[in-house]
Amino acid sequence: MARGTFERTKKLREESINAEPHISIERAVLMTEAYKKYEGSVEIPVLRALSFKHYIENRTLSINDGELIVGEKGDSPNGAPTYPEICCHTMEDLEVMHNRDIINFSVSEEARKIHKEEIIPFWKKRQTRDKIINAMTPEWLAAYEAGMFTEFMEQRAPGHTVCGDTIYKKGFLDLKKDIEARLKELDFLNDLDAYNKKADLEAMAIACDAMVILGKRYAEKARQMAEEETDEAKKKDLLLIAETCDVVPAHKPETYHQAIQMYWFVHIGVTTELNIWDAFTPGRLDQHLNPFYERDVENGILDRDRAQELLECLWVKFNNQPAPPKVGITLKESSTYTDFANINTGGINPDGQDGVNEVSYIILDVMDEMKLIQPSSNVQISKKTPQKFLKRACEISRKGWGQPAFYNTEAIVQELMEAGKTIEDARLGGTSGCVETGCFGKEAYVLTGYMNIPKILELTLNNGYDPISKKQIGIETGDPRNFQSYEELFEAFKKQLHYMIDIKIEGNAVIENICAKHMPCPLMSTIVDDCIEKGKDYQRGGARYNTRYIQGVGIGTITDSLTAIKYNVFDKKKFDMDTLLKALDANFEGYEAILNLVSNKTPKYGNDDDYADEIMQEIFNAYYNEVTGRPTVCGGEYRVDMLPTTCHIYFGEIMGASPNGRLCAKPVSEGISPEKGGDTNGPTAVIKSCAKMDHIKTGGTLLNQRFAPSVVQGEKGLDNMANLVRAYFNMDGHHIQFNVFDKNVLLEAQKNPQDYKDLIVRVAGYSDHFNNLSRTLQDEIIGRTEQTF
């Protein structure tokens, strides 16, 4: 059955989900032309801006039949541009993208020819990917290749940020005036950075020009199409598009329709300027749109149906944009088409009052009706949120496709204030990507990569030696067979952790400098607060707040592993360290009795058992203390968050067996969720265990829970879901999300994938088509503990 409330959006949705993801070579060609023309003659920020402007002036424009919101990243829906200045793919990369079984991108023969003859020769030695790898120390490279951590900027650009309200108050002509005024104020006598500021500001002004051109070109194209159109209804739509593009993005929006189109033009601009990770995000969309909605309804030019239709059109636009193609380790850490555009709904308003409004409910209806993996939608639940809103969100969630996710507004505000933000800015913040918090429109909060915490224990148990890569990756902290206490083991673990965090942050500092020098983003700098005022590009610390995150992975696995060692080796003395190490080396073959002890007769995290939960707290605090507060190149600080995307699969693949009974190469635990099968006391025990982590010290945590459909059916099931969310959030939990499915359905989908093309599940901080997941990830989701109330 076609989904969509209106015939228009039913058609657009079907076209979107059936469009083949493909490589769009056009951006690479136009950027190459611009670099050949301008490189060496202007400062790099201006080079970036002129290249972006050249791209905007010459790129293909797409207005798809029936749509009301216009703009694509590629040449057509599901076209993925490439970014050779950041990552110049090899011909082998293109072959892999074209032929791999999942997350594949069609690459035409023409695109391959152009890439081989024009793109690779120019960009091979210019790409930042090579600059980064070549600048890394042998220790960093060894740790990276061993899977101790990942690096987001290896194929993507920093730029994880969220849209604030600037674009709804000012058009790009207004922003250009602000930039020109700031240029006149530069003090070259007393400000040693004035020359760099001049280049940054001039680049921002050029980026504003480019955005004005983008709107003008779309207005002209829509009018041209209207002149040729014989269908009166379609002609009317095209003229409306033209009138809308006459206003935005050059000027501030005046209507609900214009506000949506304004955001979308900015989204397309920011995500084609650089392939930022994660994609640019609307943030508090209901808060931004509601004033336009109320005014238009009052003026009689908008009703609820039309407002929903326009948002359904926007949902299709998000779904038309696959994440930039990835290869190698970067694909393993985020194996999905989704680019993590995340919409926050609900929460509180700037005055601290309930933020739920009519647009909030419209957004819930849109996500329910459209059922698309992009955008990823969440609800912020505060103590002031109406129960009606929470239950409507739960009603959608229990349908089984993983949206919306649930976030604790009070926790988000406290997390941001803990990190030094003002309460006014914190109230306007929220979550993006998977679960990460930030002050929307005011903060550059860049994810730098995942940290494999269980593998740090693996190094500790092998005196710094990695049994998988057969290399000395860590430092020598002693033979664990000689440790006389659990405390001695944990001290050794903390030393390995300190060493690995040092390596990671040392590399990050180099990468930040490379990106600031070679990959400024003048367009994004125009819309992030304080960049214009400071005269500094986003990449140089122009934003009001500059945060860097290192995401911890596998807290459930390492908690149960250290618990197993403390309980069985040191406290109960059921076996010694030497026997355990031999069992791990043998993948427990021949050591089934030990496997049974650690798997079934040892305290586990996720059961409200203080024995295990206190160890979780120790591990978390060690990680927090190592990372949080370290300075960044841009004048901000490092923080931690706890999420995996799909990295828990990769991290497990490059590990041997773990002391908790996890077998060699099997996934480690995801988010802050307990190890699969370890949580046996129900969902209330799970949230009690998870709440013992101090979420307020983080920038986000991710908790998955799984139910069978029968458990959450009816009014009682709905109340149980809502009450679980409220209970967890009353304990300061950050986030919870639900998978609701029949295990047998997923097993059948593995056997007959052609019959389950529309099956969607929750993976980590996002939902995805079951058929787009690797078999290992499918098995991991199927194996998650099925909870009952």
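Each residue's number is its place along the chain shown, starting with 1.
Cβ coordinates come from backbone N, Cα and C, glycine included.
Feature annotations, courtesy of Swiss-Prot:
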DOMAIN    7-663  domain 'PFL'
ACT_SITE  Cys434  active site, cysteine radical intermediate
ACT_SITE  Glu436  active site, proton acceptor
DOMAIN    670-789  domain 'Glycine radical'
MOD_RES   Gly765  glycine radical
- prompt: Of the residues in the domain 'Glycine radical' (670-789), how many are helix, strand and coil by DSSP?
  reply: 55 helix, 19 strand, 46 coil
Statement: Glu436 (active site, proton acceptor) has its Cβ surrounded, within 10 angstroms, by a count of other Cβ atoms equal to 28
Secondary-structure category, per DSSP, in which Cys434 (active site, cysteine radical intermediate) falls: coil
Query: Relative to the Cβ of Cys434 (active site, cysteine radical intermediate), which residues of the same chain, six or more apart in sequence, are found under 8 Å away?
result: Phe340, Asn342, Leu643, Thr645, Gly700, Leu702, Ala764, Gly765, Tyr766
- prompt: In this predicted model, what is the average pLDDT of the domain 'PFL' (7-663)?
  reply: 97
- prompt: With every protein chain in view, how many other Cβ atoms are within 10 Å of the Cβ of Gly765 (glycine radical)?
  reply: 29
